[in-house]
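Let me give you the structure first, and then I'll get to my questions.
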2 protein chains.
Amino acid sequence: MKIHNFSAGPCILPQEVFDKMAEAVLNFNNSGSSIMEISHRRADAQEVIDNAIQLVKDLMNVPDTHEVIFTQGGASLQFVMVPFNLMKLNGGKAAYTETGAWAKNAIKEAKRMGEVNVLASSADKNFNYIPKGFSIPSDVDYFHCTSNNTIFGTQMKSFPNSPVPLVCDMSSDIMSKPVDVSKFDVIYAGAQKNMGPAGSVVTIVKKDILGKTGRDIPNYLNYETHIAKGSAFNTWPVLAVYGVMLNLQWLKNLGGVPEIAKRNVAKAELMYGEIDRNGMFTGTAEKEDRSEMNATFVLKDESLKAEFDKMWKEAGISSLNGHRDVGGYRASMYNALPIESVQVLVDIMKEFETKFG
Amino acid sequence: MKIHNFSAGPCILPQEVFDKMAEAVLNFNNSGSSIMEISHRRADAQEVIDNAIQLVKDLMNVPDTHEVIFTQGGASLQFVMVPFNLMKLNGGKAAYTETGAWAKNAIKEAKRMGEVNVLASSADKNFNYIPKGFSIPSDVDYFHCTSNNTIFGTQMKSFPNSPVPLVCDMSSDIMSKPVDVSKFDVIYAGAQKNMGPAGSVVTIVKKDILGKTGRDIPNYLNYETHIAKGSAFNTWPVLAVYGVMLNLQWLKNLGGVPEIAKRNVAKAELMYGEIDRNGMFTGTAEKEDRSEMNATFVLKDESLKAEFDKMWKEAGISSLNGHRDVGGYRASMYNALPIESVQVLVDIMKEFETKFG
């Protein structure tokens, strides 16, 4: 049976990525060696990371003022690297918005290193909306926001004009729609949603903001280290980056970010249309802040949970359960999820309404 | 043609690991999903990391006083995490030995955070020996050493009795021979030599030494975070850890560390026997400190380089070039390299002597 994979991440990737990865694990580029056993310094390995970096630049129209690096440790290590690289040693201050679990963790790390001004929070309504109307002070070292909140199903639809460096955690919606990279000073994203398998992080950083904090930054935590070494400061995660390269090639071949953005809008409209139409369900996020990546919804009548769960599982749908902080259901519709899978879910929701409504 | 892979890392792994990885990339455990697309929170993914941790414990006889964690960022991030976790905030001091390029990098990171006493160095002879006869002061927070120096082909044959916590970077010889883990407070190793593909790091840490520095440690850099979360504090690198699990299963099935140690001794004896017998070559490391993992040697007559290089390349040998800091050749003979590959190299060296000697 075909599996419809709504996992919140690591998540569905295109079948051609699986096919090409399996081939490379056995025989990389017809070299007779597995991609798992070659030195990261070999010319054909170097091509992998160079291609992956170039694909990020091409797909996101990264200007020459910025550089793209691959590191490890997930967004969680970026929460640490951002203040190390941008927050002044003496009198360091930063502004954050608190829009969910990951934003909270980012704030926690910054607070260890300086003063943090939380400009706005949606904690009062379990993070079901994106706060607006705040102003960013001009006396902080940077402003940090989270573009998409997987757990709560909210997404920023626009970004503020910031008087200070603008930093954004785009882990769960990078490359889902066009963004103007020139507006940002740092964009980072764990690869395991729209970019590839778990095990690497992409950071896009404006070069001229670095080296100004007065901090003696550990080498691995210093963006300048990775820029200077072309992301090969130490052994990079070859399998993970190869997976990203394959996935970004797939995205480029199908028309890049503008094309995938159209598909993502169509999927989200289909999904939210059904949530709003169907009397059995309620969406949990404020409509204007709904995420195109993660649709969160609950049953109006929780006593029907066993029946609904049985129906979607029998249809081959997997990983639809909501996060424990929200409950209910979460349909994650990352780039590689075909609209056909959303249609299967919508059909099940309609059938559920017919049977139990 | 069969490839004899002498790469210094990432390096050769068993064919059955490649076969099983390729299968899992297409269909993980007959679940119908690729291992690249499943949530790290799924029960069958949880089993992967739990098994990998348990295999490290079993293979190395890790006592209950210690815990095993998987993180990312390579040994280079461990160079940072060790002082964060073990060096006191006020008046912190540590002792290191300087035995090669990686030891130098470890020292550099520790120096950012406190006083570092370099007890002994082999820099005077381009790191071609392991310093001995130094004594470890009892007023430092820990002593750090590097068990095997890949670039220079040297290896510690015994470990000192340390009056302070003993920390060892075993990246390039972990699980190659038995070690008494109970003697160590921290052992760490990038996976990409004897344990699996690049992309994860194993740390074995004695639990009761943690939490005593007075430092406010960033979450990702805190060993206690990863211990508390069973290495799932954030999304762990699923492909990389699955590769480690498969490789450690292979090692366990063939008889574990005692069995592989016998094979490694046999390979090293064959290799060094030929280096010493053959009049065309000179080993670069002091005999008593020679590494069983990486044999470094040079031509006595450099003008014959093109001829020798042609011969080994034609025999299917790959990645035999020495590191630029030493020159010549480096035969890396990690756990998965069969003795047959060493024999092919030895035969070529003999043939080279016959033709040009």
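Each Cβ is built from the backbone N, Cα and C atoms, and glycine gets one as well.
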For the pyridoxal 5'-phosphate site that TrEMBL describes with B:A75, B:S76, B:T150, B:D169, B:Q192, B:N234, B:T235, which of these is also annotated: B:W102, B:W312?
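Candidate listed by TrEMBL for the same site: B:W102.
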Looking at the recorded positions B:R41, B:K193, which sits with the largest number of other Cβ atoms within 10 Å of its Cβ?
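In terms of Cβ crowding, the pick is B:K193.
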What is the pLDDT of the domain 'Aminotransferase class V' (B:3-345) when averaged and given as a whole number?
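Across the domain 'Aminotransferase class V' (B:3-345), the average pLDDT comes out at 98.
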Name, in order along the sequence, the recorded positions among B:S76, B:Q192, B:K193, B:N234, B:T235 with a Cβ closer than 8 Å to any chain A Cβ.
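Contact set vs A: B:S76, B:Q192, B:N234, B:T235.
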With H, G and I counted as helix, E and B as strand and the rest as coil, say where DSSP puts B:A75 (pyridoxal 5'-phosphate binding site).
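Note: B:A75 (pyridoxal 5'-phosphate binding site) is helical by DSSP.
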Could you give the Cα-Cα distance between B:K193 (N6-(pyridoxal phosphate)lysine) and B:D169 (pyridoxal 5'-phosphate binding site), in whole Å?
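B:D169 (pyridoxal 5'-phosphate binding site) has its Cα 13 Å from the Cα of B:K193 (N6-(pyridoxal phosphate)lysine).
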Among the binding-site residues B:S76, B:T150, B:Q192, B:N234, B:T235, which residue has the largest number of other Cβ atoms within 10 Å of its own Cβ?
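Going through B:S76, B:T150, B:Q192, B:N234, B:T235 one by one, the largest Cβ count within 10 Å is at B:Q192.
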